[in-house]
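Features of the protein shown, as given by TrEMBL:
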type	residues	note
DOMAIN	24-163	domain 'EamA'
DOMAIN	196-334	domain 'EamA'
TRANSMEM	22-43	transmembrane segment
TRANSMEM	55-72	transmembrane segment
TRANSMEM	84-102	transmembrane segment
TRANSMEM	114-133	transmembrane segment
TRANSMEM	145-165	transmembrane segment
TRANSMEM	194-214	transmembrane segment
TRANSMEM	226-247	transmembrane segment
TRANSMEM	262-283	transmembrane segment
TRANSMEM	290-309	transmembrane segment
TRANSMEM	315-335	transmembrane segment
Amino acid sequence: MADDAVVLGAKRSCDVPEKTKLHLAMLALQFGYAGFHVVSRFALNMGISKIVFPVYRNIIALILLVPFAYFLEKKDRPALTGSLVLQFFFLALIGITANQGFYLLGLDHTSPTFASAIQNSVPALTFLMAVALRIEQVRLNRKDGVAKVLGTFSCVAGAMVITLYKGPTIFGPAPLHQQTPVLLTLGDANGKNWTLGCLYLIGHCLSWSAWLVLQSPILKKYPARLSVTSYTCFFGVLQFLAIAVFFERNAQAWLVHTKGELFSVFYAGFVASGIAFAVQIWCIDRGGPVFVAVYQPVQTLVVAIMASIALGEQFYLGGIFGAVLIIAGLYLVLWGKSAEQKFIKQTAIIPSANVEHGNNRTTNPIKSSLAQPLLNSTAEDV
């Protein structure tokens, strides 16, 4: 009996609460994505082609996703039609080709930290697009509506500050004679067009936001998330290959010349696309998309630390001020979304309560806005 009690106590001590697992998973996810920013910068500085890199990345992701999509969604996957194929093609054009292409072009002219900082504006831009497409309703008579509008303006203002005002250097790397040869060759984007890079990154965020908004109606018709992602990756590879026919005719560009390039490609495809996607889907399912999005600024902080150590990255006043505005806007939008979801749940209870008391009055339910992966809650927030 005593032995059984010891074993039972050991099992209980080894059991980790799901909330703790979620927080640990999200921290690991942010470190994985942060590493992708730095690794991508390494790859670009080593001279890897901005067309070849996403081709290899999506091929690796496709190899990882296809078996899971085939076996796990075999019963849930609807029949494929010509209309769906066309929609998958345009989804890939926006979510893979434009999204990843603009990101690499922007990263080449800026830095990993500010690329990560600008990505914090995606929830606000998604909200703005949803309002323009009348998917989302702005209710300025409630606090949640005002918070989302103010958060959107704050994110847009922050992105404009980063783009138009670089400012003086607040923190820089060690003097060149104190740096190792590796840091000298893999440093910041000195001599590049900062404004152009920020414009590319804004294009990346707009593409990402449009991808999130357009996924919603497609997933309603084709409720097989892994299969949709696999088809999107497949068409993304085809589109990048078509671009390569015109812009990357050098056969040497398709060869992996160093171990660093090989590591960058596998990290992008295996960690940033394959593992990260699986972890993120699990976290969204268990903790809700708002919980997942709240961790985005952690990634920016981790990228800043990694980039300053590994790349000797410089930090500018405009970028820091803009990042603060964007992160503040992110939390305003997320708070507004969370408050809206609570209000919807409360109003949904009223009709049933009226029926129980024999009240014939009806209350119009408020339509849940923007049912898409990043902003719409599918589970209780942690």
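Residue numbers in this text run from 1 along the chain shown.
Just so you know, glycine gets a Cβ as well, placed from its N, Cα and C.
Nobody curates TrEMBL annotations by hand; they come from automatic prediction.
Fair warning: this is a prediction, and the values are worked out from it, not measured in the lab.
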Overall pLDDT for the domain 'EamA' (24-163), taken as the rounded mean: 88
Remote residues contacting the transmembrane segment (22-43) - C-beta distance under 8 A, at least 6 residues beyond either end: 53, 103-104, 107, 111-113, 115-116, 186, 260-261, 263-265, 267-268, 271-272, 275-276, 279-280, 282-283, 286-287, 291-292, 295-296, 298-299, 302-303, 306-307, 310-311, 382
Positions on the same chain near the transmembrane segment (114-133), where near means CB under 8 A and six or more residues out: 33-34, 37, 103, 106-107, 148, 151-152, 154-156, 158-159, 162, 198, 201-202, 204-206, 208-210, 212-213, 293, 296-297, 299-300, 303-304, 319, 322-323, 326-327, 329-330, 333-334, 337, 369-370, 372, 374-375
For the domain 'EamA' (24-163), the number of residues DSSP places in helix, strand and coil: 111 helix, 0 strand, 29 coil
Recorded stretches the transmembrane segment (315-335) and the transmembrane segment (145-165) touching, at least 3 CB pairs under 8 Å: yes
Leading stretch by Cβ pairs under 8 Å, where the reference is the transmembrane segment (262-283) and the options are 55-72, 84-102, 145-165, 194-214, 226-247: 55-72
Helix-strand-coil residue split for the domain 'EamA' (196-334), DSSP-based: 121 helix, 2 strand, 16 coil
Of 84-102, 145-165, 194-214, whichever stretch has the most CB pairs under 8 A to the transmembrane segment (226-247): 84-102
Close approaches to the transmembrane segment (84-102) from elsewhere in its chain (Cβ under 8 angstroms; 6 or more beyond its ends): 50, 54, 57-58, 200-201, 203-204, 207-208, 210-211, 214-215, 218, 221-222, 228, 231-236, 238-240, 243
